Every structure is written in C-alpha cells, then in structure tokens.
C-alpha cells in the first residue's frame, strides 16, 4: 500500500465521516458488540503503533527531536507514530470489513483522527523549521495543535457551517468596499500559511547555502538573506491576490505609505543596507576580532541589523551595522588571524642576558603560539630594581583569549629561571640615616 493510496483513503474517510457523523449514532455504535470490537481493534492498533514507534526511535534516532537541524529527520521523528497507527488501522479495517459487512464508523473515526494527527504534526514541524530556534516554543506548538484539533472536530460534526454563517453576518464597510469577518479571517489565514511556507523554504535553502564551503562565508550569508527576502516578497505578492487585494491598488497606495514608513524607520533601513555593505565588501567576517570604541571581542553573529561582539568575559555587545560602516573600526584579524602579544619579565642585574633570552624563547613553545615567525625576546629597560625584558609571540587562536595562554607561559618562565638560578628581583630600597653621632653612654 503506497503513500498515495493511504492519502486517498484517508481523504475518502474524512468525507465519509463529515457526511455520516452523528454523535448519537456514534454512541449507538459503541453500545453494539461490533462497535466495541472496533473500539478494541483501534486501541490495539494504537498500542502496537507505540511499540513499533519506540523500536524505530531507538534504531533510527539517537537524539531528542528538538536537536534535529535537518527538516526530513525531524519530520520523520514526528510522523513515525501516527503513520504506523494509520497503516495498522487501515489494515485492520480491510480485514474486519471482509468478516463483517456492517458500517465501520468507529474504525473510520480512528483512521480520520490519526490522519489529522499526522497533518497537525506536519504543520507544527513546518512552523518550527520556519522560525529560528526559541521563537516557536513548546506552548506555542500546543496552541497551534489545539486550534487545529478544534477546527477538525467542528468540521467533522458540521459545526463549521454555523460558525461561517455567523462570521459572514458580521459585515462592515471601508469606503466603497464591503467586507465581512469571514473574508478577513480567511485572508489572514492564507497570508500566514503562504508566508510560513516561504520562510520554511528559505530556511531549507539557507541551510544548503551555508554548507557550500567553496563560497566565502560573507557571500553565503548574503545569498541566504537575499533568498529569504525574495521568497517572502513573492509569498506576499501571491497571497494578496488570493485574498482579493488588487496589486495595482496596492501600488498606488504604496507610494505615500512607503515615504512615511521610510521616514519613521530610516535608522532600521540604514542598518539593513549597512549590513549588506559589510557582507559584500567582506570587511568584517564571523570570527574576526574587532575593537569598536572601548569594546574588544570576536564576531559571533551577523544579522541584517547588528553584529554580535562577544568579549573575553562572555558579555555580548550588539553593534549596529551603521556604526561599523560610518566609524573607524579596528579589525585585529582583517588580513591575518594571528595576533601579537607579549609577556613582561624582570631579571636581576647579575643575570646572563643571552641565557635569559634563550630561556624566554623556550618558555613560549606552546600549541597556541605560532612557530613561523616564532617568539622573540627583547631587553627593554635598565630599571631601578632590575633589567626589564619582554617576550613577544604570535597567538594562533586569539578568539580563545589570552589569559590562560599567558598564565602557561609565565609558569614556564618561572620554572626555567628557577632551574638555571636566574633571579626575578623585587623592588629594593637602601635606607641610610644621616645625622648626629649617637650619644656616648
């Protein structure tokens, strides 16, 4: 039995249920032996589907459904149970129909409910994929599922006719146009569905684009954002005629509206355009280390409005794109990812400086320190308490911070100096008392 056969049979069952559904007829069916047997068969099919689904979960899926980034594995996770139960109920209906030639209202209701459960899980999976993680929380999914179930029940028992008549009776006029609440709700639903599908498709295409390693990271982001914008615009242009809005009238009204909207949202528009400028000229990339004003950090995210700058203490600053375009920004990893840093140290005046410089270079041997060019040691000052030296080196991964690396190198310097009896002096002052001779006792 192929998927097309299952869908066709489920649609036929839905139409049959809508035509024949009567609450009292269902109660009468449940009071007959055949009705109770059908109820038991349906419950048994659902229990068997739960067992089958658990086995398939353990075999095919190794993680929770929220962590599946690809749409098809996540959708498969959500549809295993209803599809398994649906297939079992259809098979049981065919077998029971050959034995008993009576109407199978209870099994038909089981099949219709399982089909609608699969539809609901498909819808929630699409919506969850269309919006970024965190914006479609579990309670929102429950609200959507509840609304779909209520719509299914009202449609099945014919209550939707009364609701639509009531909504059609609520009419009002806008100018010469007469509208009713049913038309407005229908239009909003169509626009929402089409836009959500467009966002879902853009997310799938965006995931594909971000996996193209031969493209520059900035170009991947640009293509992903342009894809989303184009699909949303197309979705709106398709949705408006569907709900009866003439695009020519919208274009005539759009001029003044666009001017007013542009004046009120000019900062957002400026940041939006600046974001594309940054991405296209590749002046800033994800992972770059920036110095913006008094803030220093690594770029972790680039959006159409701002850039996220993560500091060494874990704090994240949201820098508007316009600020990055119109002001001086120090990109410490623009042409070279490695960054130069140094560790100061002081030795006593009796120290063999050549040996001390050699030991400093040895102390800088570290997996995070670049070897070509390698570390270097310098004599910087003959100070009051000792000779100031400095160990400079290039850090391969500055995004991981400097404190831990400098601590490791300082410990290595301490151990090497201790092994070779090189003294690290501390400030000393010689105090002489000048005055009268002490009194004779």
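The backbone N, Cα and C atoms fix where each Cβ goes, glycine too.
Your range for transmembrane segment, going by TrEMBL and the list 143-163, 269-289, is 143-163. Of the given residue ranges 14-35, 102-123, TrEMBL assigns the label transmembrane segment to 102-123. Looking at 75-96, 295-316, the range tied to transmembrane segment in TrEMBL is 75-96.
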